[in-house]
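Trainee: Mind looking over this structure? Questions follow.
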Amino acid sequence: MSKTPSSGSILLRRAARRRLGLLLPGIITMSLWQVCEALVPVAIGIVVDVAIIPLSVPALIVSIVGIGLLFTVLSLGYRFGARFCNSAREHEAHALRVEITHAALTSANLPPDRASGEVLSIASADADTAAQSFAQAGRGIASVLGMITAAVFLLIADPVTGLVVLIAVPIGLIIVALPGRSVSAKANAQLEAVARAGRSASDLMHGLRVIKAMGGEPWAVGRYRHTSDEAANAGIATGERTGRLAGLGALVMSLVLAIVLIVAGLRLIDGQLSVGALIGILGMTAFLTEPMRALAEIVGLFAQSHGAAQRISQLLTDIDGAGAAPTTAPAATIDIDDEKISVRGWAAGEGRTVDFTTQFGSLTAIVVEQAETETALITALAGHARSTGLGQMLVSPHTVDLFEGTIRSNITMILGAGDAPVAPEVLTASGVDELLGLVDTGLDHRIQELGGNLSGGQRQRVALARALHADPQVLVLHEPTTAVDAVTEARIADRVQDLRSSRGNAATIILTSSPAFLAAADSVVFVPDTGPVLSGKHAELLAAAGASAEAYRNAVTR
Amino acid sequence: MSASAEQTDQTTLSIASRRRSFAHLAPLLRLRWGWLVVLVLAGIANAGAGLVGPWAIGRLVDVLPAGAGSDVVIECAIAVAIAGVVMALGTWIGAWALAHIAMPIVGDLRTQVVESALSLQSQRVESTGTGDLVSRVADDSRKISEAAAQVLPLIVESLLIVIVSAIGLSAIDWRLGLVGLVAVPMYWLTLRWYLPRSEPIYKEERAAFGRRAGRLLGGLTGARTLRAYRAEAGELDRIDAASGQARDLSIGVFSFLTRAFSRNNRAEAVVLSLLLIAGFVLVFSGQTTAGAVTTAALVFHRLFNPIGALVGLFDQIQSAGASLTRMVGVIDEASTSPRRSGEICINRPALMLENLWFTYDEDPGSSNHVLKGVSLRLEPGEVVAVVGTTGAGKSTLARIAAGLSVPSCGWAGLDSGTAASAGEVELTALPESVLRSHISMVAQEVHTFNGTLRENVALPVPDATDEQIAAALTKVGAGWVGELPTGLDTEVGDGGIRLSAVADQSIALARLVLADPDFAILDEASAEAGSAGAHVLEASARAAVAGRGALVVAHRLSQAETADRVLVMAHGRIVEEGTHEELVAAGGRYAQLWSAWSA
């Protein structure tokens, strides 16, 4: 676990190494099963030969006992072999999932081009597909052993016929396998078309309210019908191709059987072959196609597993790299001492830098016109916060993420069990008290996955309560109340200011353009697109003269 | 809004019975009866030809030791080769016919479900939540589609092989056929043992998968917050636990499945032994030949794989069946909801809302009303802003005005005001297309669909020209369109480039311009766009509603300032009404809000 696998093959090799304890017994028992399957037609031939044709009762009894034994080994072999391989697969898939999520959540930073949706798909689907290789390894190796058993039997039973079978069957399979690639490409295209239709349906349903509010039903049905028809047409084409390939397979194997039938029949007439061997050889010929076909299929599936393993190792390497590589020059230098937090050298575009200080016990509001400048400050603050403890500094993100649990667990961020109390001042300051009035169970009201059962304003209030509850020495908030109505927002702003200043040694920085917070702030820093940076009280800035002050009035007037 | 927090206990959409679901498929199948005949004939030919191989081997077993010549060998070989040709054609044609039956039916079903979901009444969707609908329309139809492509062909082929082989076995010797029948109760017992046990554990496994997916999604999308609060460890523990639980259940499920296969093996061993013993007895009494017994044993051996496939796939058959009942449930529900129809022509109407009461409770006599007697008349071209705190009933009023919700009590409709045309019409009595030509709403949810920008804007008018779309975007001041690499052809939405909140919202406003209704209903349209964005969007919204009547739910008081009339709502009632200046001068609640706002 200590070293990140740098390629898909290395990841798969590591997987095999760490699951060897399950994999090895799995492969051995699976092979036992496959060998027994190969012996069933041989057994039928022997029974007919030694018991039924000579009409020998003792031989019949021995035969039946033999069949019973054969099937017992066969059945147990599959049962435990498949279980071992499956357990290896499940354990590895779980281990990969855990590894991916741990890396994604604890690394310093995800590479920016990795959306959470992609990580999600790698952690769920790709982890499964990569681990699938164990099931394939078990089946594949068992198939090879089954074929070797069959070959040995054939050569012992009759070298001439055996050789014919061993040459004719692979040739037949190659003939069938040649067009197989184009069919599997078609089948993949069809699956992709079905998945597209699914995505389209899901997209339309997520936008259902928008469609209904605008009368977009005919548009939506038209769009979906188009995707669905494409999927149906792809399905028909694939079905026909797959059928043609299967038909070709049936034809080729029948021809092989006919050839072997002639050779074996003639050998029997010559007295070179027993009846039992004839049955065994012909039954085996039909049997041989099974493991061979399985093997061909497994090669294709293994390519998929390898692709998935490749994506996983790529993601892990990316995360590793992002963590190790020194980030580009920080956009601001941040210092916290006993009485203040100071930000120096905040790059505010056009070679301009901004310095500001927030004393403990006071609240600074920052108004920024340019989004990139704002992002630069937040990134710098968040970067600094990570190197401190939660009690010292917290940068609460603007995007509200809620987690399955209760309102309480979302505020305390004790996500498992736990009954930590939440101070009533936090609830009133964040406006969560009003929300609690609407639900029967108060703080223990259930929050669904992603907080789907709360409105935007309610979510923001829970997130604000979370930040206030954490009660860090330095709290940074970013547009905390964009979805809260004006009246409530004004009340929240005043109470947040009261709550934070009641804690004498705490500093609060709020990036916002909301007049409510600006009015409540002890000082305001305004960074316009161009021109000088302003700082002072909200009322002073509103009354000031000059281009920057004009820009400020524009930015904060609602 | 305020009510959404209370609505966690949602009623669900209905599920059709199995019988009803298959009945729904019947007319679709009848349409393709020709293909069905081809499918069955091809399948029988295929399965029948498959019996030739065992028959030929049995014949050789009988005749060769008796001194027959090579001509018999050649004969048998030719028979096998011809059977191969028949099998090839049967397999090919059968698969072709099956695809022609299954794929269009599944396609029709898919489209029907989407169409039905779209025609469900908005209020119904609100009460069930969209989650259930998404899972039925997207997940269930995907499961059905995949089952039709991958599982169905195997099942059809296996079933036909089993049936034809059973007949073939009886044709060789009816007594051997009878012995073969012993297999039926044995496999039946396996299924009887397997099915009732499998359903709950598979269900549990699926639920665990769902929990795992939810946890992964919650953790990964919330990564930024988890990092900020140093709470990664707690959430990772929960993810690990959910994943571990799913893993353990899967291992248990698989181990259960292998026990079912063991039962299959037992049935195989018993029936094969019985066939050989019965064959021995019959050969002993001179009633059949060793060759016939060989054929019978080989025919039965040929059945191992198809029967195993049928048992192994039973779970997938069941789960596809469950998906089908959920899909047909949606289709049925949509077909029973009242349909509005008729041609109504109204010229320059006013929007009338009279004494509206509304409650989210089932019981209309409930005391828990969100609206308590709101009346409002919107003249053509008039812009009215609604102001109030969260929970005052603004959004509900907007939804009723847009015809998306039906008031529990009261009247919402259009009034043409001239005796010559229709006079007064209730919104819910209007066909969807007529209603939307008069009223369109930009709701709180902003959704940009997967597809090109052109497709996204064209939502209300699917056949809009590029000029119309460009004009609509220009009107709402969407300057960012010029910066897109491929203009209107740019892929947006989930799979395309990420647009800013302002851009997403201006697409919604451009749709409104393209829809060109008499009345626009806007609900908190600029809430999430941040400060600078809000100013831009306010200007866009003003341009979009220019020349039409509008009901604007004002989150920002500047939206109220520019309106013709302002309504102040509190606790489901209108408490103040007038122009911005009048209300500020009156010194009431609005004046208080305004002074807080413009401080």
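In case you wondered, yes, glycine gets a Cβ from its N, Cα and C as well.
Reproduced below are the annotations present in TrEMBL:
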type     : residues  : note
TRANSMEM : B:33-57   : transmembrane segment
DOMAIN   : B:37-319  : domain 'ABC transmembrane type-1'
TRANSMEM : B:77-99   : transmembrane segment
TRANSMEM : B:151-172 : transmembrane segment
TRANSMEM : B:178-195 : transmembrane segment
TRANSMEM : B:269-286 : transmembrane segment
DOMAIN   : B:351-596 : domain 'ABC transporter'
Trainee: Could you tell me whether the transmembrane segment (B:178-195) and the transmembrane segment (B:33-57) are in contact, taking contact to mean 3+ Cβ pairs under 8 Å with a sequence separation of 6 or more?
Mentor: no
Trainee: Name the range, of those listed as B:77-99, B:151-172, B:178-195, that has the largest tally of Cβ pairs under 8 Å with the transmembrane segment (B:269-286).
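Mentor: The listed stretch sharing the most Cβ pairs with the transmembrane segment (B:269-286) is B:178-195.
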Trainee: Determine which residues of the chain contact the transmembrane segment (B:151-172) at the Cβ level, with the cut-off under 8 Å and only residues 6 or more beyond its ends counted.
Mentor: 39-40, 43-44, 46-48, 50-51, 55, 58, 91, 94-95, 98, 102, 178, 180-181, 292, 295-296, 299-300, 302-303, 305-307, 309-310, 313, 316-317, 320
Trainee: Restricting to the domain 'ABC transporter' (B:351-596), report the mean pLDDT as a whole number.
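Mentor: Mean pLDDT, the domain 'ABC transporter' (B:351-596): 85.
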